[in-house]
Structure formats: C-alpha cells, structure tokens
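> Take this structure, written in structure tokens, and hold onto it; I'll ask about it next.
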Amino acid sequence: MNKRIAIVLFNLGGPEDIEYVKPFLFNLFYDKAIINLPNPLRYIIAKIISITREKKSQKIYSLIGSKSYLIQETEKQKLAITEKLKEFIKEDFIIFINMRYSTPFAKEVIGQIKEYNPSEIILLPLYPQFSSTTTGSSVKNFLQNIDIDIPIKTICCYPIEEDFIKAHVSIIKEKLYDKNFRILFSAHGLPKRIIKAGDPYSFQIKETVNKIVKELNIKDLDYKITYQSRVGPIEWLKPNTEDEIELAGKLKKDIIIVPISFVSEHVETLVELDIEYKLIADKYKIQYTRIPTLGTNKIFINSLTNILLRFINNTNTNLVMSSSSKRICPNKFTKCLCNLTN
C-alpha cells in the first residue's frame, strides 16, 4: 500500500489585514520562546506590547498594502513544491501550511491532517537556519497540539544545503557589478542571551554565508554578516545592519544587501530593507542594491523538494535532523532541535 504523506510548512505568519495587527503582535510576544517568563507576567507584557505597538505597526504595514505578504508568498511556495514533488513520487501527499502567530494555527492544521488520515507527517520549516525562537517554537507547538499517533519526521534546518546555497549564489550574481561595493548578509537579529543559552542560529548563519562566499569565488570579496530588526533595550546580536550601512556610506562604498535568513518577502524586507535602510544609503549618495528573497526561485524549490524526497525515502519513522539527515551543529549548541526532540 502506498504511503499517504502530510507535509507541513512552518512559517511565522502575519496580519491578513490592518485589524489583525494587534492579535498578531500579542501571539508573537506571548510565545514563551520569545519572552521566557511565567504567566501571568508574560500575558501582561504581551498585552502591553501589542497595545502600545499597534498603531506604529499598522503604519508600517500600511506601506505595503496593510497586510503581510508572507502569507501569500508561502502559498506560492506550497504550490511550487507540490508541482515539483509530483514529478518524483507516486505516493499521495498534501502540503499544509501552519503559521505560528496567525491563521492557520496548529490546531486547525492538525484537524485537516486528521481528515486526510496520512500514514506519516513531515515537518518542513521555511526557516533555513534553526533557532529555538522560530523552528523550535513551531515544532514544539505542533507536537503539543497533535493528538494522533502517526510517525513524524522533522527537518530542523538546511543552512548549507547545496541547492539552497546555489539559489542564493545565482540571484546574487545577477546583481553584482564591477564597482566599489560591500555585500551585507543581513539576518534577523536575536537577543544575545538566546545565543548564550545554546541556540545555534548565529553559527548556522555563518555557515550559510561561508558557503555562499566560497561559491561566489570572488577574490578579496568585501562582505559582512549583519543583523536587523532589533527591539527593546536588551543586547542583540551585532553588528547592526543599519550601522553597517552608515559605515559603508561614510567610506563611500556601495551596498549589496542579501536577506540571508528570509525566504519570503515580508515587512522586514519590504519596509525595513527597502525603505528604512535605503534612506541611510541615500543620505550618503551610495548605490543600494537589495537582493530579492528566494521565494519560488526554481533552484530553491528544487532544494526543498530534494530535502523532502530524502526524508520521504528515509525509513527512520521519527527522524529529527538537518536536511542532510545528520547533525551539523557542534554539541555545545544545546538548543539544537536534535537535542530537544530526540
């Protein structure tokens, strides 16, 4: 009998309309992986943040049509993966989308999966580099809500997957020019305390960038890894993307910015990178080139499809590993999903 496979794509989510901004913010900051405090304190803080930031966030979303593009981008990726996967397998499968902080939530998706009645589930995060605050939170939430006994295979990350790297290299090469430029590989920031607690995120970001730089094979390439989207007074990963654009401006170096941890266009790319950070470059009259996210890039979709095929064909019914089916993080990273779920 052929397998029936439920594939679940994990992503952050976002407000479908301006009125959903506050509940989205509440869900985000109520997550214990984001604010690790006990209730009722975490609930109170999430309420305060969602109320105080609502108007500012609504104004930001109004710049891109008053909604999150991430939702429709994820739908496009789902369709592209579905079509590609059909070329390789005869098994029956359905791809579901599970957003962490907006609909469709885990309970809703699990209900749909139960109706489908699969023989196994494969979890695929649309976060190439693992963090306990993104993939870790989504996987934990899904497993806490599932109430059926089905084998579950979990892809924790794919920061150095061959075609994932090739997809980035291909897009970057299209935008390169023979000028005095610096590449900034901009990743979403994290508080340093999360990294110090054993989260492998920044390690995996470096691994991704090292592979891309090696494949670009440009002598004396001027590049830096930077971090964006910091919030609040606590210490975050450095250097900050906006500070590095400022520095490049003072040096009269043109900027090529690569959103290295994002695979979908959303508020952090369309507003923060395209509008806010570009203003810094404009102030110094330097050229500012923003590389698109991978989206439905054919090489990237091939990469995700190949990862899924590897896990579909793996006989380990409860596999939790990187895309290469082995652990890639040093043991000091205790928050690695391989530690948390095995």
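In case you wondered, yes, glycine gets a Cβ from its N, Cα and C as well.
OK, Swiss-Prot features for this one:
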{"type": "BINDING", "residues": "His188, Glu268", "note": "Fe cation binding site"}
> Would you count the other C-beta atoms found within 10 angstroms of the C-beta of Glu268 (Fe cation binding site) for me?
20
> For His188 (Fe cation binding site), name the DSSP secondary structure in the helix/strand/coil scheme.
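For His188 (Fe cation binding site) - judged by DSSP and reduced to three states - the answer is strand.
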> To see if you understand the setup: which same-chain residues, six or more apart in sequence, place their Cβ under 8 Å from that of His188 (Fe cation binding site)?
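Non-local contacts for His188 (Fe cation binding site): Tyr227, Gln228, Ser229, Ser261, Phe262, Glu268.
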